[in-house]
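Presented below is the structure to which this report refers.
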Amino acid sequence: MTTIKTSNLGFPRLGRTREWKKAIESYWAKKISKEELDQTLTDLHKENLLLQKYYHLDSIPVGDFSLYDHILDTSLLFNIIPERFQGRTIDDDLLFDIARGNKDHVASALIKWFNTNYHYIVPEWDNVEPKVSRNVLLDRFKYAQSLNVNAHPVIVGPITFVKLSKGGHQTFEEKVKTLLPLYKEVFESLIDAGAEYIQVDEPILVTDDSESYENITREAYDYFEKAGVAKKLVIQTYFERAHLKFLSSLPVGGLGLDFVHDNGYNLKQIEAGDFDKSKTLYAGIIDGRNVWASDIEAKKVLIDKLLAHTNELVIQPSSSLLHVPVSLDDETLDTSVGEGLSFATEKLDELDALRRLLNQNDSVKYDKLKARYERFQNQSFKNLDYDFESVRTSRQSPFAQRIEQQQKRLNLPDLPTTTIGSFPQSREVRKYRADWKNKRITDEAYETFLKNEIARWIKIQEDIGLDVLVHGEFERNDMVEFFGEKLQGFLVTKFGWVQSYGSRAVKPPIIYGDVKWTAPLTVDETVYAQSLTDKPVKGMLTGPVTILNWSFERVDLPRKVVQDQIALAINEEVLALEAAGIKVIQVDEPALREGLPLRSEYHEQYLKDAVLSFKLATSSVRDETQIHTHMCYSQFGQIIHAIHDLDADVISIETSRSHGDLIKDFEDINYDLGIGLGVYDIHSPRIPTKEEITTAINRSLQQIDRSLFWVNPDCGLKTRKEEEVKDALTVLVNAVKAKRQE
């Protein structure tokens, strides 16, 4: 009988109570020393390693832990340093500056990691001299060994790393070949240090165009075979199905496949005999991206099927557990829903239950998890009926007619200025909200504070000279969690944090039941803000696609049904804002692109559903009401027509870190709706110059009709300091005023 082994691809960095985030931000704020930061993070890394050891994993990942981002770690490992940051010592301070920018230089681009809500720092190849320069991976592997942890190093593979990079004069293939000797050097150092195998993450090999670079992939791994290291390599793929016959032909020791998000294709390939039995199969059977407990009995059935076609089997999560919270231990959840949940720690417990059952015939833990899952499944969370057909899915009039009525009503100047929505969440704001939630202050005291903060920022915006204002969202902890707290069908946790980018953590709500709007969500704050000014104040909402993509979704209904339920709820709030006299309503969809399936065969339906849901949420308003939306930067070329089909009167897009790349996406489309391309990077504390903003405006106007163009920051300003926001917006408005005189 084959012995089943267990492993993991990666563990959350944040810590149970976001210790990682707090330590790093304290260091940035100069509240703790570098030595204190190092000690805190070392302690957290140790805790993560020993926790995984407690659940009897046969091999534990090292290299998943990072001070910011594992792709940026790889860039520094190979001396792929942006040209503007070259010449400095390669250390943690350089890492932070590349990621965040500084007073002299802009940060590197920040892009979604495949179709997740994690973001990576894009490697830049302009004028670089690749070499092994900072082997932190080796240091962390040796540290794990010192703890008597059976660890395996983790590194993003050469094909994926280069494919996610930008810049440089070399071709894709030339860049890969440049890195191969460096990867070999790193692999040899790890093997010499005692690594039994090395996890090489190549998720790019599950994407549509992977077949177009199969030749360079084969050349790369043949190179490693000739170097004598290939048999120690395990290629891990995740998020979709892989081309198994090709992967099996590579001279590596093992292959990792996703058996959760592959739509059943990977098992079909296994059963068709496409897997080379001389290799070890690393089977991703536990969902690494959602928080629902596994159907443990179904997982056992899957394992039995895989055992019939493999000689060595390791079971693992479908992807790194970076995408889920750390533990349920500190949560106080209603049992009816709580029994159906599984965070990172509980997923390790599921693996351990299967290992015990299959290797030791010990069914105690397995039976407990099976009974718990069955109790959850026996409940019904499908209780509501919906009338989707009675709600409009297109505006009353075309944009050309609407914009005339809107401009007459709003009377906006040339190149109107606005912000994306949120203003700084100061320590005082967070304290008041926490005190209110914990009932340490009265509703009246909290409402008074919010009104004072709204009034203060309305005046700040008027003094700066912005044209369309916002109330600042001080009552909101997160643009999705806020709606999760107020809409029926959502569950919000206390400690369910996950990393989005750098030290930015979000707490996705959990959709467990039918979604319904029961009362106004944002009307009071928005109407109050509008009462303080003659300038228009935007109502600020999050769109249905983003709410779904940034939540942990229920799995007992099709995505489209849940998405449309959310759209109906948002439509109710849009109409409530309009009825209250709000003239401009923004429905943000920053996550529309990130949810795009990795395989193009699913793109058309996804985009069709997304557009319909957005229009379901926004089309019932009158022509004179202006609908805005906002999206975060990504590769928009694939969805540019869908963006147009949303029929939003104005869209603002995060673009500054793309350094002009995004504008190319508008060359092939006559974009005839209002648009604002973000003119400065809000993810960096750096204040833009007037010249930089003017350059960004001029570059945008080469492709976009001036009468349709808006000027705005990249994104919401929640994470910035007040003085940074004031200074940056003042520069923005002054640049626009000068441009209006030309």
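Just so it is clear, glycine is given a Cβ too, placed from its N, Cα and C backbone atoms.
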Report summary line: Per Swiss-Prot: L-homocysteine is bound by ILE420, GLY421, SER422, GLU473, and from ASP329, ASP330, ASP564, ASP588 the site also lists ASP588
Report summary line: Joining ARG18, GLU19, TRP20, LYS21, LYS112, TRP550 at the 5-methyltetrahydropteroyltri-L-glutamate site recorded in Swiss-Prot, out of GLU173, GLU594, GLU601, GLU604, is GLU594
Report summary line: Simplified to three states, DSSP reports TRP20 (5-methyltetrahydropteroyltri-L-glutamate binding site) as helix
Report task. List, in sequence order, the residues of the same chain other than ILE420, GLY421, SER422, GLU473, ASP588 whose Cβ lies within 8 Å of the centroid of the Cβ atoms of the recorded L-homocysteine site. Result -> THR419, VAL470, MET479, MET540, GLN586, HIS630, CYS715, GLY716, LYS718
Report summary line: Candidates LYS21, TRP550, HIS630 (binding-site residues) passing the 10 Å Cα cutoff around ILE420 (L-methionine binding site) are HIS630
Requested in this report: Sorry to bug you, but what's the C-alpha spacing from CYS715 (Zn(2+) binding site) to LYS112 (5-methyltetrahydropteroyltri-L-glutamate binding site), rounded to the closest Å?
Outcome: 15
Query raised in the report: Between HIS630 (Zn(2+) binding site) and TRP550 (5-methyltetrahydropteroyltri-L-glutamate binding site), how far is it from one CA atom to the other, in Å?
Result: 15
Query raised in the report: Near CYS715 (Zn(2+) binding site), which of the binding-site residues GLY421, GLU473, GLU594 can be found within 10 Å, Cα to Cα?
Result: GLY421
